[in-house]
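Quick look at what Swiss-Prot annotates:
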- Asp8: active site, nucleophile (ACT_SITE)
- Asp8, Asp10, Asp178, Asp182: Mg(2+) binding site (BINDING)
- Lys155: substrate binding site (BINDING)
Amino acid sequence: MLRGVITDIDGTLTDEKRRLSTAAIETIRKLQEGGIEVVLSSGNTSCLLKGLCKLIGTGGTFIGENGGVYRIGFQGSMQVMANRDIAVKALNLLEEYYGKKGIRLELYSHQERYSDIAFAREVPVEEVRSLLSGWPVDIMDTNFAIHIHEAGIDKGRTFHIVAEQLGIKPDEFLGIGDSENDIGMIKAAGTGCCVANAQEDVRNISDYCSSVPYGEGFVEIMRMYFPHILAR
């Protein structure tokens, strides 16, 4: 029996302009009120996720920075899963390389990140991976940003820790997302789903893909798996 939902945000709870879907928010509130633990899981910062948990209406548990940080409930302390130093050193190499080409990397929320580096998708991600080949880092393309973090960190690994601390088995969760950074999380959940705008590799490992994209697709899937709550 499903007791929880772990969901990506950008591209999953939003529309094509990255605006939060009000239908998705209302659905999450109904799930939470119906006894389903909803966990937000994102590549974004803990600062943003703390606010979103409160404003959307979850129980306060989140995974941020693609698994690099997490918090259990509103009263929990934020935990950091990775050493950011190696990501910063990798960034220094990239800035030197691209600087010689007259390209300046646009960093995202640099001062608010504890475990990773994120920057705009203005350079080819495969080139970044090639430049950092042999480094103990992982490069993640979320469709919204390129992320660098210590090797071995991802949403799926941290999800196992979060599930244990919540007292809910991973196979009692429905996982849903749209990008490559969601694959580990979707695989770790008992039921894995994606929205219609998902990348092909995400669609290939999902149990079900919605017929409509973005937040409306999220709502479709939640209604399919939780009719006893959302039919009210």
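Just so you know, glycine gets a Cβ as well, placed from its N, Cα and C.
Within the same chain, the residues at least 6 positions away from Asp182 (Mg(2+) binding site) whose Cβ sits under 8 Å from its Cβ are Asp8, Thr12, Ser41, Lys155, Gly175, Ile176, Cys194, Val202, listed in sequence order. Around Asp10 (Mg(2+) binding site), the same-chain residues at least 6 positions away in sequence with a Cβ under 8 Å from its Cβ are Arg18, Ser42, Gly43, Asn44, Thr142, Asn143, Phe144, Ser179. On its own chain, Asp178 (Mg(2+) binding site) has Asp8, Gly11, Thr12, Asn143, Cys194, Val195, Asn197, Ala198, Gln199, Val202 as residues at least 6 apart in sequence with a Cβ closer than 8 Å to its own Cβ.
What surrounds the Mg(2+) site, by Cβ distance within 8 Å of the Cβ centroid and not counting Asp8, Asp10, Asp178, Asp182, is the set Thr7, Ile9, Gly11, Thr12, Ser42, Thr142, Asn143, Ile176, Gly177, Ser179, Asn181, Val195, Ala198 from the same chain. Following the DSSP three-state reduction, the secondary structure of Asp178 (Mg(2+) binding site) is coil.
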